[in-house]
Structure formats: C-alpha cells, structure tokens
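If you check TrEMBL, you get these features:
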ACT_SITE  2  active site, nucleophile
ACT_SITE  607  active site, for Fru-6P isomerization activity
DOMAIN    2-220  domain 'Glutamine amidotransferase type-2'
DOMAIN    288-428  domain 'SIS'
DOMAIN    461-602  domain 'SIS'
Ligand code: M6R
C-alpha cells in the first residue's frame with residue numbers, strides 16, 4: 001500500500017526521496033509525488049506528482065533540476081478517489097504539505113466542517129482533509145508540532161503521515177497510528193520511511209515508532225512524543241537487513257528470486273532445530289509451555305496466502321497434536337458474532353505483520369477475552385508481533401514481490417514446529433515421532449532445492465496453458481489448500497481466472513466447466529487419498545479436459561493423451577504441501593512471463609494491505 005519517505009539532511013535529499021520511493025514500490029502503488037522546501041530566501045514548497053511509476057516522478061525531478069535539504073515523498077495506492085495526479089500526494093493547504101498512508105474514517109465529516117469554514121478541496125482524498133485541518137489548527141496553535149498533535153486528535157482511522165510547512169522550514173513532522181513508520185538516523189541528517197528498505201541507502205540506525213507516536217526531525221536531532229505531548233524514548237536499533245536482500249541480483253524478478261531463495265529461507269527459519277535436540281516450545285516465547293498446556297482449541301486468523309498456510313496447519317494440528325482447530329479469514333471473523341473461548345490459542349499469520357484485517361481480528365479476539373495469542377510473522381518489529389503473548393518470527397528475509405512465496409513456505413515450517421510443540425506439551429508426541437518429524441524438517445531445504453530443478457518442465461507446461469482464460473486446480477486433504485494457493489498465485493500474477501476445488505467436489509458443480517479449453521491442474525501426492533483423486537481425474541479426462549498432474553515419485557498415474565504428469569523428486573509425508581506449492585509457484589511465474597504481465601507488481605494489488 002502507500003509508502004512514505006521523509007528527509008532532512010545537509011545534502012540534496014531529492015535523490016534520497018526518489019530512491020526511497022523506488023525501494024517502496026513493491027508495496028504496490030498507482031501514483032507518486034514529493035514536496036520539498038526551498039529554503040533560500042522565502043521558504044517555498046515545490047511539489048511534483050505523477051500517475052504511474054516512480055521513474056516518471058524522477059524524470060520530472062531531473063527536468064526541473066529539483067534540489068533541497070528537506071522533503072516528503074509518497075507512493076499512493078488509491079483508496080479514496082481514482083489514481084490521478086490530482087489525487088496523488090502530497091496534498092497542500094496554503095504552505096503546508098502532507099503525505100499520508102492509511103484511511104481516515106471520519107474524513108467526510110471533517111471535509112464538510114472544513115468546507116463550511118471556506119476550505120476548497122481539489123482532490124477526492126481523505127488526506128486533503130488532514131492538510132486543511134492542520135492549516136485550520138495553526139490559526140489557534142502557532143507551533144507546528146503542537147498543531148499536528150491537535151490535528152491527529154481529531155482523526156479516526158489509521159495513518160502514518162509526513163508534514164512540511166513553509167512557515168516552519170527547519171523541521172519535518174511525522175506520526176503514526178495503525179500504519180508503519182520508522183525513523184532513520186543518518187550521518188548527515190534524519191529520515192523517516194514506511195520500511196527499513198527505503199532507508200538502507202543512508203543509514204542502518206533505525207527507530208521504530210509506536211502507535212500514537214509523533215516525531216519531529218531537524219538537522220541537529222529528533223524528538224518523539226505521544227500524541228498528548230508526553231516525551232518518550234524509543235530504542236535505536238541497528239538494522240541487520242542487508243542491502244543485497246532487497247536487490248534483484250542475477251534474477252529477472254523478485255518473485256523468481258524469492259522462489260529460489262526458499263531452501264535458504266527454510267534453513268534460516270528452522271535453524272533453531274538444526275542441532276540434534278528435540279522440539280522446544282520456548283521457540284514461541286517464554287510462556288509457551290503454560291499457554292500450550294492450557295490450549296484446548298486453536299483458532300487461526302489470516303488473509304490471502306497466509307490464510308492458506310493456516311488451512312494446511314489445521315490438518316497437521318488435528319492429526320498430530322489432536323487439538324481441534326478452526327481457520328478463519330480475518331476480515332470475516334472481525335465482524336461476526338462468535339462464541340469466545342478463553343482456552344483457545346489464537347494464532348495470527350501474516351508475512352508483513354501490518355495487514356489491517358488480521359490486526360483488527362486479533363484485537364477483536366483479545367477484546368472477547370481470548371488472550372492466549374501467537375503471531376507467526378516475517379517482520380519482527382511489526383504491529384501484529386507487538387500485540388501477541390507469543391511469537392515466532394519466520395526468517396524468510398524481505399519479500400518484495402507482491403505474490404507471497406518464501407513467506408508462505410516459511411510460515412508452513414513455523415506451523416509444523418507449532419504442531420510439534422503443541423503435541424509435545426500435551427503429551428501426544430512420542431520420542432520416536434518427534435525425531436522422525438524433526439529429521440524431515442531438517443531435510444526440507446534440500447528437498448525444496450530438488451523441486452526447483454523441475455523448473456524447465458514446469459516452464460514447458462506454462463507455455464501450453466498461458467493462452468487459456470480459465471484454469472481449475474484440484475487437491476485433496478491437506479493439498480486442497482495448496483490447490484487454493486496455486487489458483488491464487490496464478491490469478492494474481494498472470495490474470496488467468498483460476499479456481500480451486502477439493503477434487504471430490506468436482507461432480508457437485510464445477511465439472512460442468514470442464515472442456516478442452518479448461519486446463520485442470522491436480523496436486524496428486526502419493527498419500528492415502530491418491531486412489532480417490534485418480535477417479536476424480538478420470539472424470540475430467542472423460543469430459544475432454546486437459547490434465548496437468550503434479551504427482552509424487554511413487555504415484556502410479558499413467559501419462560496419456562491430454563494427461564501430462566510431472567513427478568516430484570520424493571514423497572514428503574506430512575510436509576508434502578511445502579514441496580508441492582513450490583511447483584505451483586513456478587507454474588504461475590512462468591505463465592505470467594509468457595503473458596508479459598508485471599510479475600512483481602500485479603495490477604490493483606499491494607504488498608502490505610494496511611487498509612480494510
Ligand atoms: O502480510 P500478510 O501475510 O498478512 O498478507 C496477507 C495477504 O494480503 C497476502 O498473503 C496476499 O494474499 C498475497 N499477496 C498473495 O500472494
């Protein structure tokens with residue numbers, strides 16, 4: 001979603017703002033803009049805005065020879081109003097410029113009040129209301145920092161903002177509530193951005209702002225207060241994120257890089273079990289033994305790909321730990337009446353840790369008295385991680401491609417560990433089974449690397465069906481969520497309409513869609529459901545459907561006219577979904593390449609979905 005960069009430094013900060021925006025491109029956006037203050041003579045705001053890519057904004061900056069020591073910049077993902085230059089940030093109110101990430105829920109009310117006072121709106125955005133409200137506040141509260149705090153007090157919703165003012169040209173003000181924002185302490189100045197990747201170009205020293213924080217950045221320092229003005233200290237961290245981790249290197253796309261990073265990402269995530277010992281519940285936090293021991297049920301809340309990880313985990317938790325488990329889409333759970341149960345372990349899964357619906361669902365569960373909470377997340381300092389009693393941080397490294405790949409497989413690895421920890425604490429894991437499961441987990445990076453070697457064959461398949469308009473994915477048991485994930489990957493990056501079904505459901509409706517124009521992709525591991533699945537595949541074949549079957553080493557499925565079979569290197573038991581999904585990621589990636597879509601930044605989508 002939207003991204004923010006702010007800078008005040010003893011240098012021309014325009015290239016820093018632009019490079020910061022480039023690093024935030026992965027979050028998803030449709031327009032970009034920046035405002036700087038020219039401080040020689042009478043301070044004056046200069047604003048540039050462009051629909052489309054940051055490169056367009058950079059071209060404008062070049063053409064105008066823009067240079068300044070203080071500025072704010074923004075990538076916008078449209079919520080209120082179409083993507084257009086008029087709606088792009090920064091928004092200006094007579095000498096004040098504001099950039100904003102998030103949604104102001106009471107903006108219509110604010111807008112009417114401000115219009116009644118004579119303010120003219122030139123955009124359809126909620127952000128413009130912040131700029132005019134701040135301008136109005138400054139009439140009675142002359143200090144910019146205090147006026148920003150008074151403005152924030154009237155906002156309902158989520159925000160991260162950056163503010164510049166012609167009347168106060170020596171500082172930039174930033175604030176956050178519900179949307180991410182961190183400060184950067186550089187050698188030559190101070191910075192702020194929506195994530196660390198944007199600031200690595202100037203510093204590794206970062207300060208994570210907390211919800212409700214307001215900060216002032218000056219050339220000679222910074223300060224942070226709560227929204228009521230109480231000064232607060234926030235720790236300075238040295239980011240361990242390497243600049244290489246957010247560079248493409250030898251790869252064509254981030255998605256390709258991230259697919260191929262999976263053996264490493266899994267190895268890093270599973271590092272704690274690499275030694276010979278058993279599973280330690282404390283991997284999830286100091287209180288894990290107590291909480292897991294008192295867990296009678298598990299409720300998993302997540303969105304998108306993370307929800308699919310939860311669906312796989314349900315099979316594991318119920319079959320290995322013998323604990324009842326439900327999985328719910330966060331945006332649904334948060335708005336329905338449910339029966340709260342304090343003996344339930346609430347597990348939230350999120351790559352970004354900022355997904356608004358998942359965060360709200362977690363807070364909702366807590367408000368119902370369900371305080372046994374666990375976050376499985378890839379971003380240690382994220383909002384979701386800060387809200388839970390227990391946490392497991394996956395070590396996938398930054399995921400830049402909008403399509404989640406290595407985040408998903410590392411989430412599954414974390415959920416496999418959770419299953420074992422729950423089983424162990426509740427006396428449902430024999431020493432023998434524990435050793436067997438751990439040995440499988442330790443071997444996982446090697447097993448995934450072997451799946452990646454299938455890329456040439458999968459590429460061939462992708463060439464065949466990239467011209468199709470629809471595709472059907474089938475799976476059974478714990479591979480049904482993998483079929484769901486395969487369909488989601490295909491539609492989000494290649495725009496081919498894809499649906500997934502548990503194969504047994506085929507004849508209850510979707511079989512009507514099957515003809516030679518409908519490729520059917522089947523996930524067919526050599527498990528106890530294979531024979532059932534084979535019958536389902538016959539139903540497709542008999543209707544002239546073209547089948548692409550991902551089978552296991554031991555699955556006897558004969559190749560024939562219209563039935564293409566690819567054998568996975570090995571059958572992987574309970575962890576088999578982790579191997580099978582990798583082949584489906586490759587399939588989508590290559591289908592998107594054939595179609596020529598924007599693989600890393602698919603249309604209309606954002607990486608961090610920080611709005612509802
Ligand atoms: O950051 P999260 O894991 O909470 O994000 C949830 C979904 O938005 C995300 O998984 C989305 O479905 C992916 N882009 C799919 O590839």
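Cβ from N, Cα, C; glycine included.
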Euclidean distance between Cα atoms of the residue listed as 'active site, for Fru-6P isomerization activity' and the residue listed as 'active site, nucleophile', Å: 10
Helix, strand or coil at the residue listed as 'active site, for Fru-6P isomerization activity' [DSSP, three-state]: coil
Rounded mean pLDDT for the residues that make up the domain 'Glutamine amidotransferase type-2' (2-220): 94
Coarse DSSP state, helix versus strand versus coil, of residue 2 (active site, nucleophile): coil
Counts by DSSP class (helix H/G/I, strand E/B, coil) across the domain 'SIS' (288-428): 64 helix, 28 strand, 49 coil
